[in-house]
Amino acid sequence: MSSLTIKPARSLRGTIEVPGDKSVTHRAIMLASLAQGRSSITGYCRGEDCLNTMRACRAMGIEIQESPGRLDVQGKGQWGLSESNGPIDCGNSGTGIRLLTGLLAGQDFFTVLTGDASIRRRPMGRVVRPLREMGASIAGRRGGELAPLAITGRKLTGITYASPVASAQVKSALLLAGLFAEGTTSVTEPRVSRDHTERIFRYYGIACSQRGTTVSVEGRPAAGWQAKDLWVPGDFSAAAFFLVAGTIVPGSEITIRQVGVNPTRIGLLTILARMGADIQVLNVREEAGEPVADLMVRSASLRGVTVTADEIPHMIDEFPILCVAAAVAEGDTIVSGAEELRVKESDRIATMAVELRKMDVSMTERPDGMVIHGSGGKARMIAASCDSHGDHRIAMSMAVAGLVADGVTTIADSGCIETSFPGFESKLLDLLTPLS
Ligand SMILES: O=C(O)C1=C[C@@H](OP(=O)(O)O)[C@@H](O)[C@H](O)C1
Ligand SMILES: C=C(OP(=O)(O)O)C(=O)O
């Protein structure tokens, strides 16, 4: 099992790019597979999650060629997928398995979707139940609450669904199913979650309307959609580790080029600004329907803040790294309304509490969040033997914590970083001047 060793840093300085956005890459591969003709995708994420979505589409008959930095996807049109002759393994990816469940519910073939031990613990009923309302036939462990899921493609009918959770995976699964359904499919969320599916639909010319927190698609667009080249911006959730590292390591200045700054993703920027961080958003432009910018971070002292339920969906994957920032801030950081963190790759409230305590950080767990008692940077964190719990975001967050510890920190089982951020360690090392 691989492990990561992190030494304390004197400073982090330089310019980097981060891998392409994982959420956008999943969607780009799926939409290009169902387009008429050949789409080139550049800037995409080569993390394991996205490679699994690529393998899934190949298993369903789509030709995808990879040359350095570029995917050529030979789309077969909206109804062009064919039955895979074996189960499809989505690996560690909640996005992959949930979006594919929606996409496959209305096909005229049978599919089994599964994943690793973490995926087989994560809730699938949240997509299975509304898809059944549309007419889908999906079986799974515990009545369809858990993967593996066996999907017998059926004729679907659009529904109007009020989702109890703000989840882009639920919304997207239903919108993808909606493309294959008779009539309109509408999804209302308690709060707007990331809107990459809506944006990529529009980019491909698929009508998709938004009113408040409700999104609707018309089923069975007459002519399907045409292939279109697409560049994927850098992943804000990957950039987040460097935004926090550049903030908490004194004497740092990092520029992260070409990062997606979709407003439904960048809640962490607002929170870090409230904490006192110095981050500039430069050269804002738009590419393939997504806003993109360069981000420049300089080190700064932080103060604790309160994060409310309204702010959670736009920074849902950034809580592990926010905990690290909060640990060195002056005063308490209080998070509530974040119970969704308990059903990610790991229970991210529990795992961060366990790991940060090893480094002498005081963090109180709450059922729906946490209170992190910041040290105000008065003492360095204690270097420790940490564990990723098989969760890429925990591994990278603890690596950043290690930069401000008093000795050598190790992170066991760090191979999971490949899920979203191949090359994380070397990017960090390139920026780093060690303390001694
Ligand atoms: O739709 C997506 O691409 C994602 C949605 C979020 O999950 P939920 O929909 O479960 O909140 C997020 O945590 C995940 O990393 C990616
Ligand atoms: C929660 C995540 O991904 P997924 O749900 O796709 O596994 C993540 O990347 O932090």
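Placement of Cβ uses the backbone N, Cα and C atoms for every residue, glycine included.
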Same-site residue for 3-phosphoshikimate (record: TrEMBL; known: Lys22, Ser23, Arg27, Ser167, Gln169, Asp317; options: Lys7, Lys155, Lys344): Lys344
Binding-site residues close to ligand 2 - of Arg27, Gly94, Arg122, Ser167, Lys344, Arg348, only those whose C-beta is under 6 Å away: Gly94, Lys344
Candidates near ligand 1 among the recorded positions Ser23, Arg122, Asp317, judged by a Cβ under 6 angstroms: Ser23, Asp317
Which of Arg27, Arg122, Arg393, all binding-site residues, has a Cβ with the fewest other Cβ atoms inside 10 Å: Arg122
Gln169 (3-phosphoshikimate binding site): tally of other CB atoms within 10 A of its CB: 25
